[in-house]
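One structure below.
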């Protein structure tokens, strides 16, 4: 028997080779009453080399596909903002920051799929890197949405002095603060705030602990409540401004109703995506069925696919840049009215 396990006819069988099993076989030609002559014959059986393949979950495939869609949408927004010099107002800086956050969230979902099925995800570094990227990206996404909401409120509340008080430098400082806070939340699991040593303390998203998941969920609920309050104030201010400048009753009814419906759509989309996951993170833990986690995580990730549509592609200036980049022309029905941050 050769070292490679193959049969070598030129070398004798090694009786001490552990890879060879031996059985006793009687000689049928011996029919005498003498002791039966037994011969040793090797029982050569090939070793099993089959390797188990991890079954791919359709939920993980759906998250990976969603991440790909998110990445493509937000990469397009970032490219338009980067290559259009006129889109440098504070409003577009916040939209760009939101697009970067959602782009990283999409890439995080793709990398999570790769780490799960193509890389040994039992390595702690891989697990912590994946969760750090996802927490940082989605936290930055939510905080940027809140910043855009505050920006819209201030542009209406201080309409006369807003454009002189709100500078690009101040906007960049706010964006830096958002990203520092988000990155800090992301690295907390790597600093020891994880459940890798005690699986019983895990939340529905390993390796985030139950306490940390509840803290993040409660923080999100506070952010959502603040957004609702700000949008309610925006509606009141919009109604008051419309009453002051309206010349015809029809103008008041159409423009104000459109603005309120847009705000309602923004809040409903944001709440429908994130509220199920936030509430489930508070009441559930790692012992709950994994299908419930997937069913709440998937809508939350879809928010990053909706954000470019709500905050970027509806903007006439961005639409104009897209048409010029893709077709070299601008449709005649596209509104060229300068869009301010107060527009909803």
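Placement of Cβ uses the backbone N, Cα and C atoms for every residue, glycine included.
Keep in mind that TrEMBL annotations are predicted by a computer and have not been checked by a curator.
For 1-38, the entry in TrEMBL reads region 'Disordered'.
Residues or ranges marked as compositional bias 'Polar residues' in TrEMBL: 17-34.
Taking Cβ pairs closer than 8 Å, the transmembrane segment (59-84) reaches residues 92, 95-96, 99-100, 102-103, 105-110, 112-113, 116-117, 291, 294, 297-298, 301-302, 304-305, 307-309, 312-313, 317-318, 321-322, 325 in its own chain, all 6 or more past its ends. For 59-84 (among others), the entry in TrEMBL reads transmembrane segment.
Positions annotated as domain 'G-protein coupled receptors family 1 profile' by TrEMBL: 73-311.
Under the heading transmembrane segment, TrEMBL lists 91-119 (among others). Residues of the same chain lying 6 or more positions beyond the ends of the transmembrane segment (91-119) and with a Cβ under 8 Å from any Cβ of it are 54, 56, 60-61, 63-64, 66-75, 77-78, 81-82, 126-127, 129-130, 133-134, 136-138, 140-141, 144-145, 147-148, 151, 168, 171-172, 175, 178-179, 182, 301, 304-305, 307-308, 311-312, 315, 317-318, 340-341.
Summarising the annotation, TrEMBL assigns transmembrane segment to 125-150 (among others).
Per TrEMBL, the feature transmembrane segment maps to 170-191 (among others).
According to TrEMBL, the feature transmembrane segment maps to 211-232 (among others).
What TrEMBL records for 260-283 (among others) is transmembrane segment.
Panel annotation: around the transmembrane segment (289-313), residues 57, 59, 62-63, 66-67, 69-70, 73-74, 76-77, 80, 95, 98-99, 101-102, 105-106, 109, 138, 141, 145, 148, 204-205, 265-266, 269-270, 272-274, 276-277, 280, 319, 322 of the same chain, lying at least six beyond its termini, place a Cβ under 8 Å from a Cβ of the stretch. Annotated transmembrane segment per TrEMBL: 289-313 (among others), in sequence order.
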Distal contacts, the transmembrane segment (211-232) - CB-CB under 8 A, six or more residues away: 135, 139, 142-143, 145-146, 149-150, 152-153, 185, 188-189, 193, 201, 203-205, 263, 266-267, 270-271, 274-275, 277-279, 281-282
Per-region confidence, the domain 'G-protein coupled receptors family 1 profile' (73-311) (mean pLDDT, whole number): 87
